[in-house]
């Protein structure tokens, strides 16, 4: 527990953190990676170059400072980050390193304004925050390892099949090398993949949503070719090759306890966790009404459409596809789609009962737009769930 003086000092630093947060986190990463380059095997180097990771960390530090007297308020965020940490292999011994360089960065950027009292308060506060993460992540590691079929950290899998789904997206069917049964996962969860790319100094870790329902003898991911690792998966790995993956993680999951109508809204590769949710809901809650809305450029970029149409044979499932640039073949054929963008009128015509559970996945700008539209329908905030691919930025910062 922190004393009142420490809490008061930490809260007093919130305005300066809001002003200099990204400068501090940028300095933090630069200094830490300079002295500990081995950590580049864990952290996403692309996010470092795009500076999205420093923004996410700055948001987290500011939130922790603002809620330092009521850390329970940010436990959901801690758990969300904890899932990612467990998935990529963050360990307790990493936290003292992070704390050391965070304090160095605060002092470097704030200079004389970072008084001894402020630095001492932040050292104490970081210890409390780190303990919260370590405790939550310890439980997550134990659950991942001790569940039926579970394992610790990374395990070798074989690419049993590659299947092209669209112009940009290919599915990879992954089976464990030891042929042991796979642990169950919750629809909407992801796995981390660790690969060693030729001529790259460090290993690369990326997260991909599981795109099929639980209960299979494989895990499936459906990957858009858009970056160093995804391009390597598309072009550098073939059926029969081996990759390492961590056990499923993530809290963007389907709530089977709810009996409300289910509205799934996605765009592009954001369809991947939605396919898992759709199939799982049809299997486990066959009476639950489902509306599946997906936006794509056109049919050439629309992955997994046939699987959605197969699920839509179930009487409880309705679908709506939106193409912003349909091809002439799309217009001339018998495909059913709405041309343009998802807007308020479009949603009003589709969603008769707004008292539903909403799940949204896609680019940050898409999620922000859909969250706004769904909120304007009168939907309760706690009924709107979303998954941002990449560092966990706040919704307000995602565009």
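Cβ atoms here come from the backbone N, Cα and C positions, even for glycine.
Given the structure is predicted, the values throughout are model-derived calculations rather than measurements.
Its Cβ taken as reference, residue 95 (active site, charge relay system) is surrounded by 19 other Cβ atoms within 10 Å in the chains shown. If you look up Swiss-Prot, you'll see 95 (among others) marked as active site, charge relay system.
Cβ neighbours of residue 137 (active site, charge relay system) (same chain, under 8 Å, six or more residues apart in sequence): 82, 85, 86, 90, 92. The active site, charge relay system annotation in Swiss-Prot covers 137 (among others), and the record cites similarity to another entry as its basis.
Per Swiss-Prot, the feature heme b binding site maps to 85. Residue 85 (heme b binding site) is surrounded by 22 other CB atoms, counting those within 10 A of its CB over all protein chains shown.
Taking all protein chains in view, 27 other C-beta atoms sit within 10 angstroms of the C-beta of residue 209 (FAD binding site). Sequence annotations record features per position, and here Swiss-Prot assigns FAD binding site to 190, 206, 207, 208, 209, 388, 389, 390, 391 based on similarity to another entry.
As annotated by Swiss-Prot, NADP(+) binding site applies to 268, 269, 270, 271, 272, 273. Secondary structure from DSSP puts residue 273 (NADP(+) binding site) in a helix.
As annotated by Swiss-Prot, domain 'Globin' applies to 1-138, with the evidence given as sequence analysis.
Sequence annotations record features per position, and here Swiss-Prot assigns domain 'FAD-binding FR-type' to 152-255.
According to Swiss-Prot, the feature region 'Reductase' maps to 149-399.
Taken from Swiss-Prot, the feature site 'Involved in heme-bound ligand stabilization and O-O bond activation' covers 29. Every protein chain considered, the tally of other Cβ atoms within 10 Å of the Cβ of residue 29 (site 'Involved in heme-bound ligand stabilization and O-O bond activation') stands at 20.
Feature annotation from Swiss-Prot assigns site 'Influences the redox potential of the prosthetic heme and FAD groups' to 84 (among others); the stated evidence is similarity to another entry. Annotation note: residue 84 (site 'Influences the redox potential of the prosthetic heme and FAD groups') sits in a helical segment as assigned by DSSP. For residue 84 (site 'Influences the redox potential of the prosthetic heme and FAD groups'), the Cβ neighbour count at a 10 Å cut-off comes to 18, with all displayed protein chains included.
Residues or ranges marked as site 'Influences the redox potential of the prosthetic heme and FAD groups' by Swiss-Prot on the basis of similarity to another entry: 387 (among others). Look at residue 387 (site 'Influences the redox potential of the prosthetic heme and FAD groups'): DSSP puts it in a strand. Around residue 387 (site 'Influences the redox potential of the prosthetic heme and FAD groups'), the same-chain residues at least 6 positions away in sequence with a Cβ under 8 Å from its Cβ are 188, 209, 250, 252, 270, 273, 359, 360, 361, 367.
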Cα distance (Å, whole number) from residue 29 (site 'Involved in heme-bound ligand stabilization and O-O bond activation') to residue 268 (NADP(+) binding site): 31
Inter-residue C-alpha distance, residue 84 (site 'Influences the redox potential of the prosthetic heme and FAD groups') and residue 207 (FAD binding site) (nearest angstrom): 9
Secondary structure content, the domain 'Globin' (1-138) (per DSSP, counts of residues): 118 helix, 0 strand, 20 coil
Secondary structure content of the domain 'FAD-binding FR-type' (152-255), with strand meaning DSSP E or B: 9 helix, 44 strand, 51 coil
